[in-house]
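Right, one structure below, let's go through it.
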Amino acid sequence: MRSSLLRSASQHLRRRGYASAAGGQPERKVAILGAAGGIGQPLALLMKLNPLVSSLSLYDIAATPGVAADVSHINSPALVKGFVGDDQLGEALEGADLVIIPAGVPRKPGMTRDDLFKINAGIVKGLCTAISKYCPNALVNMISNPVNSTVPIAAEVFKKAGTYDEKKLFGVTTLDVVRAKTFYAGKANVPVTGVNVPVVGGHAGITILPLFSQATPSSNALSHEDLKALTKRTQDGGTEVVEAKAGKGSATLSMAYAGAVFGDACLKGLNGVPDIIECSFVQSTVTDLPFFASKVRLGKNGVEEVIGLGELSAFEKEGLESLKGELMSSIEKGIKFAQEN
C-alpha cells in the first residue's frame, strides 16, 4: 500500500511538472526552516519525493530530529538531516542552493495576516541574518506570513549584510494560483489539470488579484458576477480554511503543496530547464510598487525576467488600483521593522 502511494504521489508530481531524475544532474541541497511545523512537515515530505533534491536539510527550534528520522525512511534518493536550535542553524544552511522558509506561527480564527507581523517579523529577520552568513548565494523562498512584509524584511536584512540579490528572493504566492486554478476549473467545468490562472499583486486579502481574463482554457460560461465571486473566494481562501478548521489550524497542506511546486520550479530553473514560469512576489518595476507579484521566468540565477501584466479587464484594472495602497503599506511596514530592529 505504501509503495503504491509513493508511486502515485511521484506520478502526480511529475504530471504537475516535477522533473524526473536524470543522469548527471547537479546535486542540490534544499534547506527548510520551520520544518517541524504544520507547513514544514508535509513540505519536507514533498521535497523528499522530488528527484532534483539530493540533500534535504530540516531545521526548527524543536522536534526536527524526529521529523527528519521519519522522512528519511522514505525510499527516495534525497539524504535527510535534521537540525535543531540556534547552534545548529549554520550547519543546516551551509551549502544550500535553495532555502524555503515556512517558519512562524499560523493564523487563528479572527487573526489576519497582519496580526502575525510582530511575531513572524522577528523570526524572519533572525533566519535571514543566518542565511546571509552561511549560504548568501542561495535562492530564498519566503512562505512566512505576512509575505507582503516579510519579503521586504528579508531584502533589508540582506542589504545590511551586503548579500542582497533581487533575483534570488521570492515571496511564495503559489497557493493563490493553486486556489484560483481550482476554483476556476470548478466553476467553468473544465479539467483542473489543464487550467492556468495568473495571480498578481500581493499575498493577503484584496492585494491578491487573480487575472481570470487571462485564464486558460478561456470560458464564455462565466458571468461578471461569477468572476467577482471567484476573485473574492481566491482572496479569502486562507480565511475559508482557518474557519473550517475551527481554530485548530490554517492552510498547511495546500500551502505545503504550493511551496513544493514553487521550490521545484526554482530547482528546475537552477538546472537550466527552459521556460519555467511561475507567479511570485519579487522586487519589481511592473508597477510603481517596489515589490509585486506577477509571472516570473526562472533560470540559473533565479529571476531571469519579471513579466508584465498583459491586458487586464476593467474589473481587474479597478482591483489593481484598489490594492496598491494596502500593499504599499505592508511593504513599508516590513522595511521599517528591518531598519529599526
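Even glycines carry a Cβ here, placed using N, Cα and C.
These come from TrEMBL:
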DOMAIN    29-171  domain 'Lactate/malate dehydrogenase N-terminal'
BINDING   Gly34, Ala35, Ala36, Gly37, Gly38, Ile39, Gly40, Asp60, Asn120, Ile143, Ser144, Asn145, Met255  NAD(+) binding site
BINDING   Arg107, Arg113, Asn145, Arg179  substrate binding site
DOMAIN    173-337  domain 'Lactate/malate dehydrogenase C-terminal'
ACT_SITE  His203  active site, proton acceptor
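Averaged across the domain 'Lactate/malate dehydrogenase C-terminal' (173-337), the predicted model reaches a pLDDT of 97. Each of the recorded positions Arg179, His203 was scored by other CB atoms within 10 A of its CB, and the lowest score goes to Arg179.
Largest Cα-to-Cα span within the NAD(+)-binding set Gly34, Ala35, Ala36, Gly37, Gly38, Ile39, Gly40, Asp60, Asn120, Ile143, Ser144, Asn145, Met255: 18 Å. Taking CA atoms as the reference points, Ser144 (NAD(+) binding site) and His203 (active site, proton acceptor) are 11 Å apart.
Fewest Cβ neighbours within 10 Å among the binding-site residues Gly34, Gly38, Gly40: that distinction goes to Gly38.
Remark: secondary structure over the domain 'Lactate/malate dehydrogenase N-terminal' (29-171) totals 67 helix, 28 strand, 48 coil, with classes taken from DSSP. Between Gly40 (NAD(+) binding site) and Asn145 (substrate binding site), the C-alpha separation comes to 14 Å. For Asn120 (NAD(+) binding site), other Cβ atoms within 10 Å of its Cβ number 23.
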